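Visitor: Can you read through this structure? Questions will come right after.
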Amino acid sequence: MLNLTGKNALVTGIANNRSIAWGIAQQLHQAGAELGVTYLPDEKGRFEKKVRDLVEPLQPSVFLPCNVQDDAQIDATFEAIEKQWGKLDILIHCLAFANKEDLSGEFSQTSRQGFTTALEISTYSLTRLAAAAKPLMKEGGSIVTMTYLGGVKVIPNYNVMGIAKSGLEMSVRYLAAELGPSNIRVNAISAGPIRTLASSAVGGILDMIHHVEQIAPLRRTVTQLEVGNTATFLSSDLASGITGQVLYVDAGYEIMGM
Ligand SMILES: NC(=O)c1ccc[n+]([C@@H]2O[C@H](COP(=O)([O-])OP(=O)(O)OC[C@H]3O[C@@H](n4cnc5c(N)ncnc54)[C@H](O)[C@@H]3O)[C@@H](O)[C@H]2O)c1
């Protein structure tokens, strides 16, 4: 039942070999899924080359730029998927952004622009991508996004991203309720802290990881591949009864009170 052969999976959010999306892509591929990959384009094409070289062994049959702030790029991505695959089964939303200056210091000092940008990219994009995916998920489907404990409890420096993740988790519930009758499931994975490009922008990330290593029941944090295993499970028929949930993959840290 964890065989994803014949399933088409679009993975967003691969930036480099530390990306959680890279861990997810590898595990989906191992389970037999056909992969599509999008990357965030930049003017000099550096991201494109880096991501193309990285994912080459997984032989994605779709490889496209998709800045989620640009409706035209989103529409082009899903048009290409319709043309190439005819249907989509799995959508992995694994991206976020906030200005570095909004990820430390006083939350009350978050600028209007910083707040809007963080929520547009990190929260609204899930809804926008889900709307584009819905008509292509003709045989039902699974949408998985990535969240963090800082959307539920106050974590020092996480600041505006906590608001974004809180909104993301609620978006998962509204989307799950709307898309359930079409047999499209929507879930979030709340991962423990992992060193990545995005997390290095959060003030004190290494201290956070060290703290988790002391406190979490498993006395460690998690890896990208462990998150990838859970995303693969949620995308498979083994999880056919699960929707609207936030699943913690955090070595148990979330249960601790002290
Ligand atoms: N690393 C952690 O500790 C941790 C913990 C819990 C949740 N998460 C979440 O996991 C997800 C992936 O982050 P990561 O830690 O792997 O870092 P990452 O930097 O590898 O991935 C973030 C991705 O977001 C993409 N992105 C940013 N702005 C974009 C835009 N406008 N359009 C399209 N893509 C855009 C980047 O290109 C990058 O690929 C994020 O949602 C993050 O909040 C991370």
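Placement of Cβ uses the backbone N, Cα and C atoms for every residue, glycine included.
The shown structure was predicted, so the numbers you read here are calculated from the model rather than taken from an experiment.
TrEMBL feature annotations, pasted as is:
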ACT_SITE  Tyr148  active site, proton acceptor
ACT_SITE  Tyr158  active site, proton acceptor
BINDING   Gly13, Ser19, Ile20, Leu95, Lys165, Ile194, Arg195, Thr196, Leu197, Ala198  NAD(+) binding site
BINDING   Ala98  substrate binding site
Visitor: With Cβ-Cβ distance below 8 Å and at least 6 positions apart along the chain, what are the contacts of Ala98 (substrate binding site)? List them in sequence order.
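Guide: Spatial neighbours, sequence-distant, of Ala98 (substrate binding site): Gly114, Thr117, Ala118, Ser122, Asn159, Val160, Met161, Ala164, Ala201.
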Visitor: Near Arg195 (NAD(+) binding site), how many other Cβ atoms are within 10 Å of its Cβ?
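Guide: For Arg195 (NAD(+) binding site), the count of other Cβ atoms within 10 Å is 12.
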Visitor: Go through the recorded positions Gly13, Ala98, Tyr148, Lys165, Arg195, Leu197 and pull out the ones with a Cβ less than 6 angstroms from some atom of ligand 1.
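Guide: The ones that qualify, in sequence order, are Gly13, Tyr148, Leu197.
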Visitor: Considering the binding-site residues Ile20, Leu197, which residue's Cβ sits among the greatest number of other Cβ atoms within 10 Å?
Guide: Ile20
Visitor: Using Cα coordinates, what distance in whole Å links Arg195 (NAD(+) binding site) and Tyr158 (active site, proton acceptor)?
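Guide: A Cα-Cα distance of 14 Å.
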Visitor: List every residue in the same chain as Tyr158 (active site, proton acceptor), at least 6 positions away in sequence, whose Cβ is under 8 Å from its Cβ.
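Guide: Those within reach of Tyr158 (active site, proton acceptor), by Cβ under 8 Å and sequence separation of 6 or more, are Leu103, Tyr148, Gly150, Val202.
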Visitor: How many other Cβ atoms sit within 10 Å of the Cβ of Gly13 (NAD(+) binding site)?
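Guide: There are 25 such Cβ atoms around Gly13 (NAD(+) binding site).
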Visitor: What span in Å does the NAD(+) site cover, taken as the longest CA to CA distance among Gly13, Ser19, Ile20, Leu95, Lys165, Ile194, Arg195, Thr196, Leu197, Ala198?
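Guide: That value is 18 Å for the farthest Cα pair.
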